[in-house]
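So that you can see what the record holds, here are the features copied from TrEMBL:
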- Glu106: active site, nucleophile (ACT_SITE)
- Glu110: active site, proton donor (ACT_SITE)
- 23-220: domain 'GH16' (DOMAIN)
- Asn114: N-linked glycosylation site (CARBOHYD)
- 1-21: signal peptide (SIGNAL)
Amino acid sequence: MASFTILRCLSLLLLSCCTMAAPPRRPIDVPFQRNYRPTWANDHIKYINGGNELQLSLDKYTGTGFQSKGSYLFGHFSMQIKMVPGDSAGTVTAFYLSSQNSEHDEIDFEFLGNRTGQPYIVQTNVFTGGKGDREQRIYLWFDPTKAYHTYSVLWNLYQIVFFVDDYPIRIFKNSKDLGVRFPFNQPMKIYSSLWNADDWATRGGLEKTDWSKAPFVASYRGFHIDGCEASVEQKFCATQGRRWWDQREFQDLDGLQYRKLAWVRQRYTIYNYCTDRSRIPTMPAECRRDRDV
């Protein structure tokens with residue numbers, strides 16, 4: 001009996017060690033107006049189903065966009081988006097967080113349109129203290145124009161994780177000990193926009209926007225924000241350490257999440273700044289810690 005008890009205790013201890021990490025909490029769908037407001041070209045925004053869904057429209061005159069009402073220090077930020085269908089070359093659908101000063105912090109999703117039949121490209125980037133140049137690009141393993149998919153960012157003191165549905169596609173660890181700045185004291189707003197970038201977005205600008213296909217429409221739903229709201233003057237979160245994303249299981253990915261990340265990188269990565277020696281001769285310090293190489 002004693003040996004059985006010891007074995008059971010050991011198995012429970014092993015189980016607790018192996019399940020330290022956890023996926024982010026599932027967002028709650030709320031109407032657009034609860035957390036967001038338009039920022040420009042309001043007439044290019046269409047509200048559907050009482051504001052529970054929204055469409056952004058781009059034509060040759062203007063794009064459009066929206067932003068969060070509040071600013072946030074850490075949290076989980078997600079959006080369900082259905083990308084521009086058909087020939088979307090030259091268009092960019094952006095979902096990102098950004099602070100408001102010259103040495104700004106920024107966490108970017110940018111979805112780069114393409115010619116009909118060609119896959120969408122997702123570009124991610126992280127700016128710290130005004131420094132970016134950390135682009136990574138992947139193909140998506142599904143058609144993002146056919147249905148809504150969830151794109152989200154988990155940001156805490158330990159890491160930034162980009163998710164597509166429940167797949168982590170990128171991590172950016174806090175590598176302050178390696179001399180790499182990490183966003184921790186500048187509140188950020190959440191933004192999304194649809195705009196024309198045919199000078200660079202598709203095949204480096206070789207493919208131009210076909211305005212005969214306009215208007216280009218991206219659809220949104222799921223406007224929940226789970227973050228520590230702060231004014232732009234605040235340098236800390238008053239509830240730091242007490243929110244779910246601060247807890248131990250969200251300080252790193254678990255084994256399954258790292259396997260999903262490896263699957264994405266091995267199959268779908270088309271550009272990684274960490275391996276671009278022609279542009280960045282010395283590999284940045286954070287790349288090995290982020291398992292980018």
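Any Cβ shown, glycine's included, is placed from N, Cα and C.
Distribution of TrEMBL features across the structure.
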| residue | record | Cβ contacts under 8 Å, 6 or more apart |
| --- | --- | --- |
| Glu106 | active site, nucleophile | Tyr96, Leu97, Ser98, Ser99, Asn125, Val126, Phe127, Gly132, Met188 |
| Glu110 | active site, proton donor | Val92, Thr93, Ala94, Tyr96, Val122, Gln123, Thr124, Asn125 |
| Asn114 | N-linked glycosylation site | Ser88, Ala89, Tyr120, Ile121, Thr202, Glu207 |
